Amino acid sequence: GDWLQGPYVYYLYSTYGFGKGEIGQLFIAGFGSSMLFGTIVGSLADKQGRRRACVTYCITYILSCITKHSPQYKILMVGRVLGGIATSLLFSAFESWLVAEHNKRGFEQQWLSLTFSKAIFLGNGLVAILAGLFGNVLVDSLSLGPVAPFDAAAIFLAIGMAIILSSWTENFGDPSENKDLLTQFRGAAVAIASDEKIALLGAIQSLFEGSMYTFVFLWTPALSPNDEEIPHGFIFATFMLASMLGSSLASRLMARSSPRVESYMQIVFVISSASLTLPIITNVRCLQLLGFCTFEACVGIFWPSIMKMRSQYIPEEARSTIMNFFRIPLNIFVCIVLYNVDAFPITVMFGMCSIFLLVASILQRRLMAISDKPKMENWTAMKERDPEAEALND
């Protein structure tokens, strides 16, 4: 349901006669609503139930799809607000439900890595490719117009909601019934402030996802600077194929004890940074497309890897709340970029994204360093208790 919409949001708004600045404002509405309401809906998911939050996601996104039939700016703005709320639920409630259900059933922790990898490979890869190709058939082959993918998305979301209602059990975050939303916010903020690993993870996620969502806005005008006709669905499917290959690589990497996730993600961030510099240094469309596919491959590695790290570092009792806290700086960054979309050329915005990805690599290095500290401290303590251990190490 989500992937069907991706390639055609910008295109649909442009067919309604809106310019880049107005389209940027519509995108801002989505990211802004995700920032304002994201933490609230995340906390409600922890308190009222993750299954219920997933159903709410389906309903909210269906309503957002319906608004796409109107060319009126205000109605489209309402749709973007609804879409922003739905996005917050998509990136918190489903993962929180999965991790809680996994732990409740007593499954091995290592299985989460396999599940995350398969979810990205199939959901963010194969399904996304099929969605892009299907959208291309609806818009180009069947000439149903750019709103057709949104109607198809609403149908799939309704099917998904039926599956959730019929087969999922409910689970919650903090079992205390006495904690109101403000208390949940405070607890999540304290957890982030008191644990550097959680704070670093949040900063890394915000920097990478901020660059990724800015890229979602930029790739269409970058590949068609003069409003040339391009096969949006086919290009999107190509991106998703690259993402699927990346998630497959991540699955192989996480199946090994070395290198650790914290280690190889430093390299991934550097490569993703370099890939977004291609639109700056060349106007050749094929090279730009190659860079974009490389970036999408990095996205495919990022998703299961960040899920793995979140499962290790974020406490279960406030998982949805903390995850949506991470989205606040992300949405602020994207809103600032899109608000100034007419003030800067596309090359400048790609340059900003590249710099933020380099910073993410530096923070990832710091995360790896402090995650190794307990191991070093334990080894030092063991040496103090057992002198033979030091001799063995020598």
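Every residue gets a Cβ built from N, Cα and C, even glycine.
In TrEMBL, the feature transmembrane segment is placed on 230-251, out of the ranges 186-207, 230-251. When each of the listed stretches 77-99, 150-168, 230-251 is scored by C-beta pairs under 8 angstroms to the transmembrane segment (119-138), 230-251 comes out highest. In summary, the transmembrane segment (23-45) does not lie against the transmembrane segment (345-363): fewer than three C-beta pairs, each 6 or more positions apart in sequence, are under 8 Å. Listed as Cβ neighbours of the transmembrane segment (77-99) (distance under 8 Å, sequence separation of 6 or more from its ends, same chain) are residues 2, 26-27, 29-35, 37-38, 41-42, 45-46, 50-51, 53-54, 56-57, 60-61, 63-68, 112, 115, 168, 171, 173, 307, 310-311, 316, 319-320, 323-324, 327.
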